[in-house]
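Asks: Below you will find the structure I want to go over with you.
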Amino acid sequence: MAPNATAVESVPQAEQEIDHTTDDPSLEAVVPELTWRSGLAAAGSALAYFFTVGLQNAFGIFQEYYTSYYLKGESNFKISWLGSFTIFTMFIFAPGVGILADKVGPLIPVSLGSVLLLVAIFMTSLCRQYYQFFLAQGVLLGIGMSFIAIPASGMVPRYFKRNRGLATGITVAGSSLGGIIWPIAFNQMLHHDGIGFPWAMRIAGFVMIPLCIICILTIRMPAVPKKQSDVVVEGVTFAGSEKGAPEKKKDLSVLRKPPFVLLCLGLFFGIFGFFIPIFYVSTYAVHIGMSSSLAFYLVSIVNGASLFGRILPGIVGDHLGRFNMLAFSMFAASIVAFCWTAATSVAGLVVWTVVFGFTSGAILSLQLACATTLADADSAGAAVGTVMGAVSLA
């Protein structure tokens, strides 16, 4: 008896619904990872890093400006707590935000984070005293950044598996681009255009409004195909796709496994003091005789070098091992960091800034790639958040 024509014709339709996030090794080489949806998600995530972590990477300009003008009576150590606490709040909220993003998707967290971040920016423009800066820039800004950056970090691994190191590196490179542009923009507004600090912050806030909207629209979960009905061909039943089945409870067991725990411990000790050079490089430059206007550009230089450091090691890590590249990058960055105070001239400090930026650039991107390598797609946000939560304690 001839097979039923309708049943035979429905087989290709079932094959067309193969999801690109499949874990079947036989399909990894043929299913394209780069689609319009994954490209938009990666671009939106990079943009999120541009105005969150990128702005924080530029804290050196605030450190130097507060020391010289707004908070002149406060010590460098006390002022540095503003930047340190921003990072702490951003990372300490990361585990909860990551789990929330895995559960409800990125739309709600990113929308909430956008509101908090914009309120923090505009409130910082009104600050005059240290405690006001601490609450607006140190606390509220960090929380807003967490609700934007963490969901963005967890979405990219859902789309990319083979080239996860490269994709994550490009995403996190958005923070390097922000670290280049924000210092130059603030330096121009504060020292050359005579705009002043309050309006410089407000202008930054107005610029961030459309950027937040773009992130809300582009950072989305991968599409989930509808469930396919079973197909019968010559008496053989082909099971339909279960992608549309009721959602399973999230499996967070990876967070308790020894490899993941060791990764968190290693990053805690490895990133201890990581942001000190970024915060103090401008102040140190002024101390050895560089002008304030030129010292601002060191923050852009270190972030410009880290742009290449985030992408190139990611490519190598996809081929030689992401954990291997992470360990090598942390070792190299630590050696360069110990050489910081040996740079006592302007030229020497510029060279040191470039080398440190490149060697340290891979750490943030590879730590995310390593965390999501140990997790599955459904727990990627929780894995990223937990790693960043461990780092916050450093």
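Our numbering is plain: 1 for the first residue shown, then up by one each step along the chain.
Note that Cβ sites are derived from N, Cα and C of the backbone, with glycine treated the same way.
TrEMBL annotations: computationally assigned, not manually curated.
TrEMBL lists these features:
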type	residues	note
REGION	1-22	region 'Disordered'
DOMAIN	38-394	domain 'Major facilitator superfamily (MFS) profile'
TRANSMEM	40-59	transmembrane segment
TRANSMEM	79-100	transmembrane segment
TRANSMEM	107-124	transmembrane segment
TRANSMEM	130-153	transmembrane segment
TRANSMEM	165-185	transmembrane segment
TRANSMEM	197-219	transmembrane segment
TRANSMEM	260-282	transmembrane segment
TRANSMEM	294-313	transmembrane segment
TRANSMEM	325-343	transmembrane segment
TRANSMEM	349-369	transmembrane segment
Asks: Between 79-100, 165-185, 260-282, who has the most Cβ pairs under 8 Å to the transmembrane segment (325-343)?
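Replies: Checked against 79-100, 165-185, 260-282; highest Cβ contact count belongs to 260-282.
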Asks: Could you give the residue numbers and ranges of same-chain residues that sit at least 6 residues beyond the transmembrane segment (294-313) on either side and whose C-beta is under 8 angstroms from one of its C-beta atoms?
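Replies: Apart from its flanks, the transmembrane segment (294-313) reaches 54, 57-58, 60-61, 64, 165-166, 169-170, 172-173, 175-181, 183-184, 186-187, 191, 277-278, 281-283, 285-286, 325, 329, 349-350, 353-362, 364-366.
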Asks: Taking the transmembrane segment (130-153) as the first stretch and the transmembrane segment (260-282) as the second, find out whether 3 or more Cβ pairs fall under 8 Å, excluding pairs closer than 6 in sequence.
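Replies: No; fewer than 3 Cβ pairs under 8 Å.
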Asks: Mind checking which residues reach the transmembrane segment (260-282)? Cβ under 8 Å, same chain, six or more beyond either end.
Replies: 57, 59-61, 63-64, 76, 80, 83-84, 87, 254, 292, 295-296, 298-299, 302, 330, 333-334, 337, 340, 349, 353, 356, 360, 363, 367, 370-371, 374-375, 383, 386-387, 390-391, 393-394
